[in-house]
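Q: Below are the features listed in TrEMBL for this protein:
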TRANSMEM  20-38  transmembrane segment
TRANSMEM  44-63  transmembrane segment
TRANSMEM  83-101  transmembrane segment
TRANSMEM  107-133  transmembrane segment
TRANSMEM  145-164  transmembrane segment
TRANSMEM  176-203  transmembrane segment
TRANSMEM  215-233  transmembrane segment
TRANSMEM  253-273  transmembrane segment
TRANSMEM  285-304  transmembrane segment
TRANSMEM  316-336  transmembrane segment
Amino acid sequence: MTSNSGVRVGAAVRGMPPGYFALVMATGIISVGMHLIGVQTLSFILMVVCAAAYLILVALTGWRLIAYSAAFLADMHDPHRGFQFFTFVAGTNVLAARLAIEGWFGLATVLLGVSGITWLLLGYALPWFAVLGRSVRPVLNAANGTWFIWVVASQSVAVVAASLEPVSGDARALLAVLAILSWSVGIFLYGAAGVFVSLRLVLYDIRPEQLDPPYWVSMGACAITVLAGARIVEMADAPMVTATRGLVAGVSVMFWAFATWLIPVLIAVGFWRHVTHRVPLRYEATLWSIAFPVGMYAVAGIYLGQADDLPLVGQIGTVSLWVALVVWLVMFTAMVRQPLRAGGLFRGSPDPRHLTVEPAVTGQPRK
């Protein structure tokens, strides 16, 4: 590696968005979906890609933490990038859920332990670092689509806990409690994030550049809430599950309906952004925030259709899964071609300033 290449690689790692684990999330959930509809070879290939991407991103994140700790900590204090760290939790759990399907329950349990501890630590630390501890006011002006990733992380814990509960022997009761707890926390977090982001959109001017791909996570958070609820409904009998099964099933159907309603809204926002206002559409890491929600919506529909005996919902999920695969292929091709056109593996990585909205202080209240 030449000195110039080393500098470019170092710069790319230093500016690597913490939300790049959305690549793992998108790949893993589409792999799960392909398994559900019986396309096993493609499902296995995607699982391998998911695991490889996870290991690479963990290594790069560790490198960034050690070599560029100042940039790493700066991201944790940034309300536009801080909540992207929750993609590590969600990506870990999506991979764990896929490994559990293969019967690798021990490894899936280890990943659940890692993600659960990280979820708790980040859940208490990040809101303070990125929002409450900031001297800039009002903090409401910093609300954005990445805040919904906290919801996704919470519900991903519920998904894996519910998946492992039937095969966990003496730990079944504990996993049932964990599944219900994290699912319930995720419900309240969705309400809070929805209120904050809605108020930011209503009270402050917003430019087309600021309505970036992470706003799709608002739909993905709904969808994973549905999936977690469907898995909880399917869990073996446990006191916590018995007490909440009916409620969880009903709320899951409501969240699926809302996720379905959000899709045309998000498509219209994309049209307004890229067609009406001609914001260039180019590859950036946050585009995986579109691929994952579409894949999660598909898998959630398939699972909900099975759990609540709703065949129409399941059929919609199956069709959506193929759409998600097309989206994934487009994103993956763009990701591979972009650095190749630039002349190197890391060269051409998007400037992190282009991946987020402008600082909150630039927003102005609506007149």
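Here the Cβ of each residue, glycine as well, is placed from N, Cα and C on the backbone.
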Q: Using Cβ distances below 8 Å and needing 3 or more such pairs, separated by at least 6 in sequence, tell me whether the transmembrane segment (83-101) contacts the transmembrane segment (20-38).
A: yes
Q: Check for me, if you would, whether the transmembrane segment (215-233) reaches the transmembrane segment (253-273) - at least 3 Cβ pairs under 8 Å, residues 6 or more apart in sequence.
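A: These two stretches do touch.
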Q: If we call contact 3 or more Cβ pairs under 8 Å (sequence gap 6 or more), are the transmembrane segment (253-273) and the transmembrane segment (285-304) touching?
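A: When sequence-distant Cβ pairs are counted, the transmembrane segment (285-304) touches the transmembrane segment (253-273), since at least 3 lie under 8 Å.
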Q: Does the chain bring the transmembrane segment (285-304) near the transmembrane segment (20-38), so that three or more CB pairs sit under 8 Å (pairs 6 or more apart in sequence)?
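A: Yes, the transmembrane segment (285-304) contacts the transmembrane segment (20-38).
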